[in-house]
Amino acid sequence: MIHSLAAAMSNQLQNTSSLSTADTWNLLDVRNSSPVRTAELRPLSVSPWDIALCVTGTLISCENAIVIAILFYTPTLRAPMFILIGSLAFADLLAGLSLILNFVFIYMLNSEFVTLISVGLLIAAFSASVLNILAITVDRYLSLYNALTYHTERMVTFTYVMVVLIWLVCIILGLLPVLGWNCLRDEASCSICRPVTKNNAVVLAVTFLLVFALMMQLYLQICKIAFRHAQQIAVQHQFMAISTTKGVSTLSVILCTFAACWMPFAMYSIVADSSYPMIYTYATVLPATCNSVINPIIYAYRNPDIQKSLWLACCGCVPSNFSLRPRTSSDV
């Protein structure tokens, strides 16, 4: 996906940098009388947008690798919530590594097969990231709706099944470009993300909008249940009421961040095609990738259990002012 954007952008930069030797020497004669080789002043054809995406991919990889390591080496973090957080962290880690590999593929291994592999990895990784966020929303809805049965083995099984289905769907989506669902033989049918076709890009964008609509519906249901719980227990258990209200506020931040990152790219994918300026595509892709930077902060590093494990891993102790309260079904 992002491979195609960078390839087109790089071609534009190469075209603008193709000055003749004579023109370059004339420019040097005006600006500087000292003899300087033309090649030394020739602009590099590396797009700054590609550099920004590669740096973003590196940051994503580092953040989520830490989350995965904490979850893997902490046996107590095996609840359904942490299974989904781990799946989301793995999806974002794969997305970060794909952005780095995409940068390498663009400038070192530029070929049709490598393009399809790069696009497939990006589609699979970011699709898994979006679907895992939906799964976490479903999990939090169930933790409120079925609070009494949430911590049973049945819920753990349901969570594993949900994660497996998510990754099967995303792997299939990632294989589609390699299996022939691309526009390499018909450039006119390309979307803003070559070699993804316009029709496929629209389907993915509409699917994202449906996922977001479902998340909004679940969010409204969570608000109703949470505030009903808060009213019922506000007198006897003020702490629980505060926790419920805080959880709803957190979920609001989650959904707003998710929409702000992904909505521009989804809407632009629907209305635009390959004839639109590449700068607009980059400007919508970069915020979408930043969602994977924010996810570990929202879902993992704010969690008190993960914070405790991180403190133990880094300094072997827990601060004296750190309080790990018991988690409730209304926690978000």
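Placement of Cβ uses the backbone N, Cα and C atoms for every residue, glycine included.
Remember, TrEMBL labels are computer predictions, not curated facts.
Taken from TrEMBL, the feature domain 'G-protein coupled receptors family 1 profile' applies to 63-299. Summarising model confidence by region, the domain 'G-protein coupled receptors family 1 profile' (63-299) averages a pLDDT of 88.
Sequence annotations record features per position, and here TrEMBL assigns transmembrane segment to 49-74 (among others).
For 81-107 (among others), the entry in TrEMBL reads transmembrane segment. Outside the transmembrane segment (81-107), and at least 6 residues removed from its termini, the chain residues within Cβ reach (under 8 Å) are 2-3, 6-7, 10, 46, 50-51, 53-54, 56-65, 67-68, 71-72, 114-115, 117-118, 121-122, 124-126, 128-129, 132-133, 135-136, 139, 143, 156, 159-160, 162-163, 166-167, 170, 289, 292, 295-296, 299-300, 303, 305-306.
Look at TrEMBL and you will find 113-136 (among others) tagged as transmembrane segment.
Here the transmembrane segment (157-181) has Cβ contacts under 8 Å with residues 80, 83-84, 87, 91, 116-117, 119-121, 123-125, 127-128, 131-132, 135, 138-139, 195-197, 200, 204 of the same chain, all six or more residues outside its ends. The feature transmembrane segment is assigned by TrEMBL to 157-181 (among others).
Same-chain residues lying 6+ beyond the ends of the transmembrane segment (201-227) with a Cβ under 8 Å from its Cβ atoms: 123, 127, 130-131, 133-134, 137-138, 140-141, 144-145, 173, 191-193, 244-245, 247-248, 251-252, 255, 258-259, 262-263, 265-267, 269-270, 330, 332. Under the heading transmembrane segment, TrEMBL lists 201-227 (among others).
Per TrEMBL, transmembrane segment is recorded for 248-267 (among others). Residues 130, 133, 137, 140, 205, 208-209, 212, 215-216, 219, 222-223, 226-227, 283-285, 287-288, 290-291, 294, 298, 302, 332 of the same chain lie 6 or more positions beyond the ends of the transmembrane segment (248-267) yet place their CB under 8 Å from a CB of it.
What TrEMBL lists as transmembrane segment is 279-301 (among others).
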**Asked** Taking a Cβ cut-off under 8 Å, which residues six or more beyond the ends of the transmembrane segment (279-301) line up next to it in the same chain?
**Response** 1-2, 5, 9, 49, 52-53, 56-57, 59-60, 63-64, 66-67, 70, 85, 88-89, 92, 95-96, 99, 126, 129, 133, 136, 192-193, 250, 253-254, 257-258, 260-262, 264-265, 268, 272, 307, 310
